[in-house]
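Here's what TrEMBL has on this protein:
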type: COMPBIAS; residues: 203-223; note: compositional bias 'Low complexity'
type: DOMAIN; residues: 1-434; note: domain 'Major facilitator superfamily (MFS) profile'
type: REGION; residues: 203-234; note: region 'Disordered'
type: TRANSMEM; residues: 51-73; note: transmembrane segment
type: TRANSMEM; residues: 94-123; note: transmembrane segment
type: TRANSMEM; residues: 170-197; note: transmembrane segment
type: TRANSMEM; residues: 254-275; note: transmembrane segment
type: TRANSMEM; residues: 295-315; note: transmembrane segment
type: TRANSMEM; residues: 322-339; note: transmembrane segment
type: TRANSMEM; residues: 345-364; note: transmembrane segment
type: TRANSMEM; residues: 385-405; note: transmembrane segment
type: TRANSMEM; residues: 411-429; note: transmembrane segment
Amino acid sequence: MTATPVASGTRPPTPLGRPFVWLWHACAGSNLADGIYQVALPVTAVHLGGGAGGVALVAAMSRAPWLVFALFSGLLVDRCDERRLMRIVNSGRVVVLGTTALLLALGRADIAVLATAAFLLGIGETIFDTAFHTTTPGLVAPDQLERANSRLQAAEITTNQMAGPPLGGILLGLSAGLAFGATALLYLATVLALLALPASGKTTPTAPDAPTAPDAPGTPGAPGSRGDASAAGRPGIITDIRTGLRFLVGNRTLFVYALGVGALNLAWAAVYAALPVLALPPGPLGLSSASYGSLLMVAGVSGLVVGLLSATAIGRLGARPSMALGLAGMAVGFLLPGLRPTVAVLGVGLGFTGLLILINVVTVSYRQRTVPQHLLGRVTSAYRLIAFGCLPVGSALAGVIGSHFGPRPVLVLAGCVVCAVAIPMTVYTRPATDDTPAHAA
C-alpha cells in the first residue's frame, strides 16, 4: 500500500504555480506576525503590572475564540470567498494591532486593552486559519497537496516558531509599541500578497446540504450532491454547522484523525507545560533560560528539515508508513527524556518530535483531498475545534500530575498517549490514490 518511488531520470514535478507562491508568502508573513505577537502579549502584560493573573487572562482570551467561534468561522468560510475573507481578516488585525501600538505609545494601555486585543486577534486567527486551509486545494492539483502542505509547514515552523519569538523579544527590548506596530505592518504585507490571488469563484448551494454518509447518493461528496437552488432558500446556521459535523463524524478516517490529533495535542501541551519544570532550576537539569531556549530550537530545526523533505518521504514511503514514522518519532521524543532526563537525551528527544510534521502533512492533505469544497470550511473548523480544544486540557493535566508526581511522569504518560493513538491512526491511513470524496468512509 505504498506509493511507487519516483524513478531516476523522470522529469521534475510540475511547479506549484504563482498563485500558490503568493499564498506561501501570505502564510510566512502571517505566521511571522503570529510568532511576534504571541510573545509580545504576555510580556507586555507583565510590564503593565498584570502579574500571573493578567498573563493568564490574556492567554485565555487569545485561545477562547477557538472554543466559542470555531464552528461559526467554518460556516463563514463556506459561505464566502475565502480569499477575500482572509484579506478582510488580516486588514482587521492591522487595525487592532495598530490601535494597541498607539495606546501603548501614549501610555493609555492596560490589561483590559491587551485582553480585548488578544480576543479579537484570536477571532481573526480562527477565521484566517480555516480559510487558509480551504484555499490550498483550489490552487494546486490533488496530487500536489503533499508537496504544497510540506512547503507551508516548513514556512510556518521557520517563521512562527524559529524567527517570530526571538524577533518579538528584540522588538520588545526597544519598545512594546514598536513590537505591535511592526506586527501590524507584517499583516498589511500579507494583505497585499493575498490581493494577487484570483477569486475563488465559489458558489454556495442554496439548498440544504444532504447529511451523513459521504458516499451515500445525494450526500456531500457524491454525484448530484450540489443540487439546484430550491424554494427552501439558504439553510439555517445551525443546519449548516450540523451538516459539517455529520460529515466529519460520518467519515471514519477523518474522525479518527480528528480524535487522534486532539490526543496528540493534549500530549504535546502537557509536555511543553512540564519541560520548564524539568529543565530550569530547581529542576534536575538546572539549565539557564538561554540554554533552555536554545535547546527548544532543536525541535524547530528538526521540524523545518522534516517539513522540507516530507513530500518526498511520503511519496517514496507511502502515507501509512509516513504516519507510523511520525507517531514513532513523537512517542520516542516524549518517552526518552521522561525515562532518562539528561540534557543530551532531552535534545535528542526534541529532535525526534520534528517528525510530527509527517503527521500534519498526511492528515491535512487527506482532509483537503477528501472533503467536498463547499463543506471544507465547516469540516475543517470542526476538526480544528477538537484539535485545539485539547491543548488547554493537556496543560491543566500536566499541572495536576506534575504538582503531585513531578515532571517526568508527565512526559512518560504523554508518550503512552501517543502510543495509544498510533494504532488507529496508522490503520486508518490509506494511499493518497484512495483519498477522494467518492471513497470517503
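Just so you know, glycine gets a Cβ as well, placed from its N, Cα and C.
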Any chance the transmembrane segment (385-405) and the transmembrane segment (254-275) have 3 or more Cβ pairs under 8 A, given the pairs are 6 or more apart in sequence? yes
Would you mind listing the long-range same-chain contacts of the transmembrane segment (322-339), meaning Cβ under 8 Å and 6+ residues beyond its ends? 264, 267-268, 271, 278, 310, 313-314, 345-346, 348-359, 361-362, 408-412, 414-416, 418-419, 421-422, 425-426, 429
Please compute the mean pLDDT of the model over the domain 'Major facilitator superfamily (MFS) profile' (1-434). 84
